[in-house]
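> Please read through the structure below; I'll follow up with questions.
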Amino acid sequence: MRIGMICPYSFDVPGGVQSHVLQLAEVMRARGQQVRVLAPASPDVSLPEYVVSAGRAIPIPYNGSVARLQFSPAVHSRVRRWLVDGDFDVLHLHEPNAPSLSMWALRVAEGPIVATFHTSTTKSLTLSVFQGVLRPWHEKIIGRIAVSDLARRWQMEALGSDAVEIPNGVNVDSLSSAPQLAGYPRLGKTVLFLGRYDEPRKGMSVLLDALPGVMECFDDVQLLIVGRGDEEQLRSQAGGLVEHIRFLGQVDDAGKAAAMRSADVYCAPNIGGESFGIVLVEAMAAGTPVVASDLDAFRRVLRDGEVGHLVPAGDSAALADALVALLRNDVLRERYVAAGAEAVRRYDWSVVASQIMRVYETVATSGSKVQVAS
C-alpha cells in the first residue's frame, strides 16, 4: 500500500506529533508498506529519505503553546505536487485543524483520507475563524482517529463527527532496554522533568515550589531536566535550588530513554492543555514510576492512579508529599513499575500500528486512489 502522511509541525524541533508520525512511518515501512511523509523543515535539518520538506515554518500560537507551522499560499502548490507525485492509496493527515500542511491537503485532496486528531483544546481561534470552511472539508475524511477519549469528545462537540480511539504508540522494548546515563542511579535520588520548561502549562514553577519539601527528606536530591527552554531564566527563578538541578537540554530519543531509565521518579506537574500523556507511557515503558497532575488525560493513562501517583494540579505541597512518598518507599516504586509495565502493552507500536492499518484497509476498500481536486 502506498501511504502518504502529512505532519503539520516542523521537524526543526522535536515534538509529540512529529515523533508519532516518524515512528508510525518506520513501523509501516518495516511491514512492507510504501510510506512518504510531507512536513515543514528547514534546509539544514537532516531528514529520513522518505520525508519531503515543504519548506520553513514560522512560530504560531496554537493549543496553548507556540507551534512551528506552515500556512502560506506557496504551500498550496507544494502540497498538490507532492500528492500527484505520490500516487497514494491512502492519505493520512495529522491535526487537520492546525493552520498548516494538513489543512491545505484536506482542501485539495479527495479519495481515501484518514485523519488523526491529537489535541483536545476547547478554545481554538483557528477553529472559530475557519469553522464554516472546515466542516465541508472534514466531510472528505473517511477514517477518523482520535488519540484519546478527550480528543474524540472534542471532535464530536466541535465538528459533529465521531472517531475511533487509537492511542499514541511507543517502542516498549527500546525504552525498557535503554542504557542509563553515566553516574546513575544516584544515591541521593533523582526526579526527572521532561518537556518545554518555560511553557507555564508544563508546570515547572509548581515543581520548583515542591522541591524544598522534597529536600527536607532528601537533601541531595537532583532535579534532572530534559527539554527546551530559557535556561538562564529558570536558573534565576530557581535561586538557591539551582545546585540541585541538572540541565540536559534537548536530546534525541535515545537520550530521552536514557534519562528516563536513570531517574527514580518521573514527574509531570502539568497544569492543563494535555489531550493524552505519551511521556507518561514512555516513562512507564522505561521502568520509571510516575507522579503526575490529576488531569483527565493523565488520569486515563494512569488508570485513575492504579499505575502511577496522581496529585491535584498546581498543588506544590501535595506534589512534594507524593515525590517523598515514592522516593522513600522502594516497595511502592516497584509496585508502580510492575503495574506500569503491564499497562503499556496496549501502547506498543506492534498493537497501535495494527489498529491504524485496519483503518487504512477500511478506507481503501473501494480501490480508488487519492486524487487532487481540479
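Keep in mind that glycine also has a Cβ here, set from the backbone N, Cα and C atoms.
As listed in Swiss-Prot for this protein:
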- Tyr9, Gly16, Arg196, 201-202, 251-253, Lys256, 274-278, Glu282: GDP-alpha-D-mannose binding site (BINDING)
- His118: site 'Important for catalytic activity' (SITE)
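Mind mapping these onto the model and telling me what they sit next to?
Lys256 (GDP-alpha-D-mannose binding site) falls within a helix when secondary structure is assigned with DSSP.
According to DSSP, His118 (site 'Important for catalytic activity') sits in a coil region rather than a helix or strand. Within 10 Å of the Cβ of His118 (site 'Important for catalytic activity') there are 24 other Cβ atoms, across all protein chains.
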> Who sits close to Lys202 (GDP-alpha-D-mannose binding site): which same-chain residues at least 6 apart have their Cβ under 8 Å from its Cβ?
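Correct list: Gly195, Arg196, Pro269, Asn270, Ile271.
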> Quick check: in three-state DSSP terms, what is Arg196 (GDP-alpha-D-mannose binding site)?
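Note: Arg196 (GDP-alpha-D-mannose binding site) is coil by DSSP, not helix or strand.
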> Here are the binding-site residues: Asp252, Glu282. Which has the lowest count of other Cβ atoms within 10 Å?
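Fewest other Cβ atoms within 10 Å, among the binding-site residues Asp252, Glu282, is found for Asp252.
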